[in-house]
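**Student:** Could you have a look at this structure, given as structure tokens, before my questions?
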Amino acid sequence: MDTSSKENIQLFCKTSVQPVGRPSFKTEYPSSEEKQPCCGELKVFLCALSFVYFAKALAEGYLKSTITQIERRFDIPSSLVGVIDGSFEIGNLLVITFVSYFGAKLHRPKIIGAGCVIMGVGTLLIAMPQFFMEQYKYERYSPSSNSTLSISPCLLESSSQLPVSVMEKSKSKISNECEVDTSSSMWIYVFLGNLLRGIGETPIQPLGIAYLDDFASEDNAAFYIGCVQTVAIIGPIFGFLLGSLCAKLYVDIGFVNLDHITITPKDPQWVGAWWLGYLIAGIISLLAAVPFWYLPKSLPRSQSREDSNSSSEKSKFIIDDHTDYQTPQGENAKIMEMARDFLPSLKNLFGNPVYFLYLCTSTVQFNSLFGMVTYKPKYIEQQYGQSSSRANFVIGLINIPAVALGIFSGGIVMKKFRISVCGAAKLYLGSSVFGYLLFLSLFALGCENSDVAGLTVSYQGTKPVSYHERALFSDCNSRCKCSETKWEPMCGENGITYVSACLAGCQTSNRSGKNIIFYNCTCVGIAASKSGNSSGIVGRCQKDNGCPQMFLYFLVISVITSYTLSLGGIPGYILLLRCIKPQLKSFALGIYTLAIRVLAGIPAPVYFGVLIDTSCLKWGFKRCGSRGSCRLYDSNVFRHIYLGLTVILGTVSILLSIAVLFILKKNYVSKHRSFITKRERTMVSTRFQKENYTTSDHLLQPNYWPGKETQL
């Protein structure tokens with residue numbers, strides 16, 4: 001064979017043979033120089049997004065840790081605190097639909113950066129009331145600045161040195177104090193600041209997660225999302241720890257002489273420096289915005305995601321309505337042109353049964369989550385007699401790390417075992433069921449009510465009493481002119497707490513430094529006392545001896561439950577991402593976030609708070625006579641309301657999760673069979689084509705070149 005023929009053969013062999021009308025599957029891989037910027041920028045975005053998640057989670061965790069502090073500082077009920085907490089979701093609701101839909105078609109990193117700035121400003125606004133309100137005034141018994149002087153608490157109204165109840169004040173004095181008390185409405189700034197936080201946080205999840213999922217490889221997407229979600233859990237750890245630290249500092253630190261403060265962090269009237277953490281969180285949020293202004297609008301897609309639209313597994317669950325969802329290109333894209341596909345996109349999402357059912361499941365589950373997390377510090381304080389600082393410390397250092405570990409473990413499991421969509425749904429359901437069963441055991445790990453004379457036990461300390469305001473008075477204090485609206489708890493030698501030293505019938509008192517001791521208390525004397533004394537000290541008595549052990553058991557079960565439930569977080573999120581069209585991903589995440597905010601984030605803290613308020617035994621009163629925050633809860637009723645609501649919502653969530661798995665299996669089996677049939681036909685066709693290609697290659701070999709066989 002001549003040289004020209006050999007060159008033609010070599011050239012032909014180097015060229016892939018393609019059938020007529022079939023596109024080439026040859027892909028030109030970018031060089032290492034081309035790959036590096038893409039991977040580098042994606043990792044920069046991953047780090048920036050993780051830091052933003054940390055910042056927003058820090059502020060959110062800190063807000064949860066200051067719920068009790070805000071309630072006491074502004075003297076408002078739990079239901080109103082729930083409204084303040086829900087204002088974050090209201091802010092999300094205002095813009096989530098537009099941000100998730102239009103933001104996906106614009107410069108996503110810059111939109112996230114702008115959101116961080118708004119979020120930081122809102123966080124700083126929350127702290128502003130501290131600098132405009134008058135100093136915090138708590139109800140206190142002040143015998144005298146002279147430590148050697150003894151005054152009878154029983155003759156409270158006759159002493160000009162002591163504060164009296166608003167019920168005994170003259171109308172003119174009440175009117176004057178009401179004018180000063182207008183600062184209590186400053187909680188509206190906390191509401192507005194949290195509202196701004198919600199608006200600023202809106203683009204972070206739908207645009208950030210979709211950006212990662214778009215440009216990361218399919219194998220790494222779950223791992224990257226798991227990393228982001230894990231960092232997001234680390235944020236609340238620092239948030240609750242910061243809350244624990246600030247709760248130990250007096251609210252007006254730097255503004256008053258702390259030597260004059262007679263209460264301690266264990267006192268139910270104590271308010272910590274709740275505002276300090278918001279200043280720190282606000283600055284961190286502003287710093288988190290910086291990297292996003294320098295990131296590109298888009299990145300080169302990963303090689304494994306080039307054909308993601310035709311993924312065989314994903315196609316089993318996505319309903320194709322043959323609508324062409326085109327994204328306008330260029331900076332001059334018109335708003336009306338982008339809005340044209342809004343309703344068809346929305347119809348496509350809600351027409352997807354897997355997406356719709358999972359949306360319902362998550363909404364119910366997040367109702368229980370939002371309500372439980374919002375009032376968990378209060379539950380620990382009231383149920384186990386712990387201080388606010390200790391409750392926040394325990395949640396931040398023990399409970400939340402278990403959640404972070406569970407989320408990270410879920411991402412690792414998804415990556416390592418390459419779990420399918422059905423497998424992800426099973427893992428999600430399994431973790432929910434197991435966590436639900438563990439949670440049921442918390443009903444048995446409660447503490448009994450503290451013995452409070454006239455509220456939970458009689459003045460003789462022998463039998464429980466039903467709550468009635470007049471039950472605070474008894475024969476032992478009938479000659480004392482006491483206020484029934486005050487809350488100045490005194491712990492008697494008999495282990496019973498009295499609403500005030502006056503209601504305990506105490507005749508004399510002594511003050512030594514910050515300690516106040518009451519003597520000759522007639523009501524203490526009629527109840528059994530271990531020492532036989534009829535004295536008492538300022539503050540509530542500790543819970544019974546078995547309560548610390550119950551608290552330890554509660555922590556252990558709570559940690560295991562948190563880990564188990566969070567293990568299904570990433571599988572559930574991957575299920576959400578894989579059951580929708582790629583071009584609708586940001587929009588679907590936005591609608592998902594919208595539903596969670598509207599149907600869970602806003603109402604859950606409110607109705608949890610309203611129902612928790614029904615367990616209040618002793619309300620505080622403001623200077624104008626209106627009802628303030630709750631001073632004492634019925635521990636048993638509180639426990640059954642708090643845990644019962646969570647269990648009811650968890651039951652509904654599990655039933656919906658079973659429905660999701662049923663739909664997935666039904667679609668998987670039917671479409672998988674159809675896919676196999678098509679695959680068999682394709683394999684037969686491919687085998688025939690390969691035989692022809694092999695014959696063609698054989699005919700082109702130098703040792704076989706018969707001139708008469710011209711057909712290929």
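Just so you know, glycine gets a Cβ as well, placed from its N, Cα and C.
Grabbed the feature section from Swiss-Prot, which reads as follows:
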type     : residues      : note
TRANSMEM : 44-63         : transmembrane segment
TOPO_DOM : 64-82         : topological domain 'Extracellular'
TRANSMEM : 83-103        : transmembrane segment
TRANSMEM : 110-134       : transmembrane segment
TOPO_DOM : 135-184       : topological domain 'Extracellular'
TRANSMEM : 185-213       : transmembrane segment
TRANSMEM : 233-253       : transmembrane segment
TOPO_DOM : 254-271       : topological domain 'Extracellular'
TRANSMEM : 272-296       : transmembrane segment
TRANSMEM : 349-370       : transmembrane segment
TOPO_DOM : 371-390       : topological domain 'Extracellular'
TRANSMEM : 391-414       : transmembrane segment
TRANSMEM : 419-442       : transmembrane segment
TOPO_DOM : 443-554       : topological domain 'Extracellular'
DOMAIN   : 470-525       : domain 'Kazal-like'
DISULFID : Cys476-Cys506 : disulfide bond
DISULFID : Cys482-Cys502 : disulfide bond
DISULFID : Cys491-Cys523 : disulfide bond
TRANSMEM : 555-577       : transmembrane segment
TRANSMEM : 587-612       : transmembrane segment
TOPO_DOM : 613-646       : topological domain 'Extracellular'
TRANSMEM : 647-664       : transmembrane segment
**Student:** Given the model, what does the mean pLDDT over the topological domain 'Extracellular' (135-184) come out as?
**Tutor:** 52
**Student:** Let's check the environment of Cys502 (disulfide bond): how many other CB atoms sit within 10 Å of its CB?
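**Tutor:** Taking all protein chains shown, Cys502 (disulfide bond) has 27 Cβ neighbours within 10 Å.
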**Student:** Tell me if the transmembrane segment (233-253) touches the transmembrane segment (349-370). I count contact as 3 or more CB pairs below 8 A, with pairs 6 or more residues apart.
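**Tutor:** The answer is no, given that the two segments have fewer than 3 Cβ pairs within the 8 Å cut-off.
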**Student:** Quick one: which of these disulfide-bonded residues, Cys476, Cys482, Cys506, have their CA within 10 A of Cys523 (disulfide bond)?
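**Tutor:** Final answer, ordered: Cys476, Cys506.
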**Student:** Do the transmembrane segment (83-103) and the transmembrane segment (555-577) share at least 3 Cβ pairs closer than 8 Å, excluding pairs fewer than 6 residues apart in sequence?
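**Tutor:** Answer no, regions not in contact.
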**Student:** Please work out which recorded stretch in 44-63, 272-296, 391-414, 587-612, 647-664 has the most C-beta pairs separated by under 8 angstroms from the transmembrane segment (185-213)?
**Tutor:** 44-63
**Student:** Quickly jot the same-chain residues contacting the transmembrane segment (555-577) by Cβ under 8 Å, restricted to those at least six beyond its ends, or write none.
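**Tutor:** Tertiary neighbours of the transmembrane segment (555-577) are 209, 213, 221-222, 225-226, 229, 233, 354-355, 358, 362, 394, 398-400, 402-407, 409-411, 413-414, 419, 421, 423-425, 427-432, 434-435, 438-439, 441-442, 445, 585, 588-589, 592, 660.
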**Student:** Using a Cβ cut-off under 8 Å, which residues of the same chain at least 6 positions beyond either end of the topological domain 'Extracellular' (64-82) come close to it?
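**Tutor:** 136, 184, 186-187, 190, 236, 239-240, 242-244, 246-247, 251, 269-272, 274, 277, 373-378, 381, 388, 392, 395-396, 605-610, 612-613, 620, 622, 627-630.
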**Student:** So, in DSSP terms, is Cys506 (disulfide bond) helix, strand, or coil?
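**Tutor:** Looking at the DSSP assignment, Cys506 (disulfide bond) belongs to a strand.
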**Student:** Under 8 Å, at least three CB pairs between the transmembrane segment (419-442) and the transmembrane segment (647-664) (pairs 6 or more apart)?
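**Tutor:** Result for the transmembrane segment (419-442) with the transmembrane segment (647-664) is yes.
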**Student:** For each of the disulfide-bonded residues (Cys476, Cys482), count the other CB atoms lying within 10 A of its CB, then report the residue with the highest count.
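**Tutor:** Most Cβ neighbours within 10 Å: Cys482.
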**Student:** Between the Cα atoms of Cys491 (disulfide bond) and Cys506 (disulfide bond), find the distance and write it as a whole number of Å.
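**Tutor:** Given the Cα positions, Cys491 (disulfide bond) is 12 Å from Cys506 (disulfide bond).
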